[in-house]
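*Asks:* Pulled from Swiss-Prot, these are the listed features:
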- Gly244, Glu245, Pro246, Gly247, Val248, Gly249, Lys250, Thr251: ATP 1 binding site (BINDING)
- Gly641, Pro642, Thr643, Gly644, Val645, Gly646, Lys647, Thr648: ATP 2 binding site (BINDING)
- 15-154: domain 'Clp R' (DOMAIN)
- 18-81: region 'Repeat 1' (REGION)
- 91-154: region 'Repeat 2' (REGION)
- 591-803: region 'NBD2' (REGION)
Amino acid sequence: MTGTPASRGSLTHEPDRFSDPAWELLLAGQDMARRWRHDQLDVEHLIQVLFSDSSFRRWVEPLPLRSDDLLDRLEDVLADQPPARGDQLFIGEDLEQLLETADQVRGRWGDRSIDVPQLIVAVGADPRIGAELFAAQGLAVDRLESLLRQPSVSPAPAPPPVPTAASAPAPTPRSAPAPRVMAPEPEPMVELEREPSALEAYGRDLTEEAEAGSLDPVIGRDSEIRNLIKVLSRRSKNNPVLIGEPGVGKTAIAELLAQRIVAGEVPDSLQGLRLIALDLGALIAGAKFRGQFEERLRSVLEEVSRSDSGVVLFIDELHTVVGSDRSSTDAGSLLKPALARGDLRCIGATTPEEYRRTVEKDPALNRRFQQVLIREPDLELSLEILRGLRERYELHHGVTITDEAIQTANRLADRYISDRCLPDKAIDLIDEAAAQLKIEVTSKPQVVEEAEADLRRVELALLAAEEAPEEERIQLQRQRLEVSSRLDDLRRRWQEERTQLEELGQLLQQDEDLRHAIAEAEREGALEEAARLQYDQLHTVQQRREALEASQAEAQSAGTALLREQVEAGDIADLVARWTGIPVQRLLAGERRKLLALESHLSERVIGQVEAVAAVAAAIRRARAGMKDPRRPVGSFLFLGPTGVGKTELAKALATSLFDEEEALVRLDMSEFMERNASARLIGAPPGYVGYEEGGQLTEAVRRRPYAVLLLDEVEKAHPDVFNLLLQVLDDGRLTDSQGLTVDFRHTVVVMTSNLASPVILEHARSGSSDDAQLQQQVDAALSSQFRPEFLNRIDEVIRFRPLKVKDLVRIVRLQLADLSTLMAEQGLSLEVDDAVADSLARQGHEPEYGARPLRRVLRRQLENPLATQLLEERFRSAHGIRVRCGTDDGASLEFEPLE
């Protein structure tokens, strides 16, 4: 059996030839064919609808047929048919013949249109399947026709007897049709469902959604919407394309245009327009054969051009349509003729990068569009947008969002989330914080769970005390009564607060519905109705809402509330901390105090470098106070000095002080980048080379953690090409990797260490000279011989580290001994060390040219190794501590005594 598309002469192209029930039967058969995933509508689909659909079963119930047996046989036939290979539905040849037979039956019966009984008779006459199914149950076509065509009797006082099939009269000539009654009488039919148009199937009517009030309010953006309206009002090139980074509000501007069209706040040339957003998911989904995607897009464009009411097509993510490459024909070739003829008015939206990649490479398509740049809003405008959206998110989540939370989200999103744009990233913060609070509100409060645990504990104790003294049991029973009473009170308060929150959510919804009804009444000119809604119902709702919010605020301030219904600044800070790994909670409240005490925090770990610590702290404070170029890193430092004097340790301490964890230190050993080709690893391998998709070691590390201390250790060993890359980082605070992605270094502290000029610094320290100017000249000469001037000029501070003295090493020894005491305390032993021990170890480890590293070896050799041996020998088994003192012979060796 083959299927062909319905021809021009097919009865399916003449719906007027059918009655409403008969046409609905054909439509239901079409749905049945799609349900079976068949690409051909045929007789068996109509039969299954007749016997399985309650809307049509009344037509066949009087017939002597067993529906279950017939449907079982029919499902076997339908299951054997192959599945569809495309989206088109064909009309089977057998169904075409059935419709012709039904038309002949209509002619014999003298009816004006084909009705369901004629279709059933034609099914019984179908030679392939219908006649077989009916004949298997003893129902021939002649009897079928006689059952369905029963004449009525002239009006009489009493109803006539129902004629049998044997007494049915012969067919009446067409010229004199006899009146008849079809059994059973169908119920009144509803209006037939029609197939959705291309715009309905593949688009969203934004103006309809704006009229229904389902679009979010759009605040500000006056200049952008004016530019958009000006381009749409032009005679030619009236197709704007909104170009902006992700999250700046391109789609929101299109929604704002729809809202202004509905409100009548557009020029006369745009009044009454429909703004349809193209649904790319529906347009592309299922287009698995060549040309299907373009065919769907062409049907949309044709319907837009035929529209009398005026349609503007909004194509969000324009590059996915133009650069879809779904087949050999680019969709841009379909847009260009329609745009050139003026049949299509289109608003596109895309990012600058995608616009360059897809649209600008086609000059013919590019000149059809007029660019409208959408820039990221500043903090002030972003704050206004967030405040305008507050009610929508409060309504959705059923919680209250404080203004402090909105300001915090706006500020922290701008400062700590650098890979996205405002207001989108701030909206995400508010949305997720509100969702998290909603989950907490709907969950059981912790105080209730603790009371339930206390009750279970007391009840278990009471069960275990069956043989205990009577006084103890009475005490436990009294405790159970107290805990149970407290738990009942907590549960009652919890339920009351939940009821209040639910009522508040309902009031928020009523407030939103009333505002929409007022706006609609004002648009329609029903000013009395609008006034009644505003000053009667809305006023009542707002009064009740204010009373509930005041009651909840009072309970919160008194500390008696079990549930928290307000999103606060701390919630936003917690969320930013989880997203970025930055301890924003501490920065939120105590950053000023921390910055003012930065020297003391750094000096606890970095010993003997007072000048270096002070210089770093001053530079960080200047940056945090806003006295630096906002495009540059927080600070850039070059640490110079001998090895082991604390250069790397200061970078670690800085990471801990600023970001509360040493993991915020991104460390790169620049000795790994001594060769020219190795420098490419910082930003990633070029296209075509191994490792291109992995990204660069420097750019990927900073992209994952933009708030960090970047330590470039032994920077003088790097290839000169590395410094060319660092120029952009130090000056512009950004670096573009091999994949074209820009990495932000504005929130990074760049620290470079070098051993350059170490001999000069050591010699100056040995000589005891106080001529610091001469030393500075020698250091500058050493730097100039290694680094180019443009690199040195971009560094904020070049900081010298002086060699360590014995008194500095004594302080370092005491820090190391404090760490060792902590380890010994875990074994239950205290550690007491004489002051002479620290002095002795410091003198033994003092080697100015090597810094503090020899001291680590002395500690290990003189203290840790012998102490470990004696611990394993269990010399201190009965002691509670160990005392360490210098030996009596030469003072260089140490002695260990147990403390009883």
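Each residue, glycine too, has its Cβ placed from N, Cα and C.
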*Asks:* Any same-chain residues 6+ apart from Thr251 (ATP 1 binding site) with CB under 8 Å of its CB? Would you list them in sequence order, or say none?
*Replies:* Asp316, Ala349
*Asks:* According to DSSP, how is the region 'Repeat 1' (18-81) divided among helix, strand and coil residues?
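*Replies:* Helix, strand and coil residues of the region 'Repeat 1' (18-81) number 43 helix, 3 strand, 18 coil.
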*Asks:* Looking only at Lys250, Lys647, which of these binding-site residues has the biggest number of Cβ atoms within 10 Å around its Cβ?
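*Replies:* Its Cβ has the most other Cβ atoms within 10 Å: Lys647.
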*Asks:* Can you break down the domain 'Clp R' (15-154) into helix, strand and coil residue counts using DSSP?
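*Replies:* Per DSSP, the residues of the domain 'Clp R' (15-154) fall into 86 helix, 9 strand, 45 coil.
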*Asks:* Find, for the listed binding-site residues Gly244, Pro246, Gly247, Gly249, Gly646, the residue with the lowest Cβ contact count at a 10 Å cut-off, counting only other Cβ atoms.
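*Replies:* Among the binding-site residues Gly244, Pro246, Gly247, Gly249, Gly646, the lowest count of other Cβ atoms within 10 Å belongs to Pro246.
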*Asks:* Determine, for the ATP 2 site, the additional residues of the same chain whose CB lies within 8 Å of the mean position of the CB atoms of Gly641, Pro642, Thr643, Gly644, Val645, Gly646, Lys647, Thr648; present them in sequence order.
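*Replies:* Filtered neighbour residues, in order: Phe639, Thr753, Phe801, Gly851, Ala852.
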*Asks:* Measuring Cα to Cα, tell me the gap between Glu245 (ATP 1 binding site) and Pro642 (ATP 2 binding site) in whole angstrom.
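*Replies:* One finds 47 Å between the Cα atoms of these residues.
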*Asks:* Would you identify which of the binding-site residues Gly641, Pro642, Gly644 has the most other C-beta atoms lying within 10 angstroms of its C-beta?
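*Replies:* It comes out as Gly641.
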*Asks:* My understanding is the cutoff is Cβ-Cβ under 8 Å with a sequence separation of 6 or more in the same chain; which residues meet that for Thr648 (ATP 2 binding site)?
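*Replies:* The answer is Leu711, Asp713, Thr753.
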*Asks:* Is Lys647 (ATP 2 binding site) helix, strand or coil when read with DSSP?
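*Replies:* DSSP assigns Lys647 (ATP 2 binding site) to helix.
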*Asks:* Have a look around Glu245 (ATP 1 binding site) and count the other CB atoms within 10 A of its CB, chains all included.
*Replies:* 15
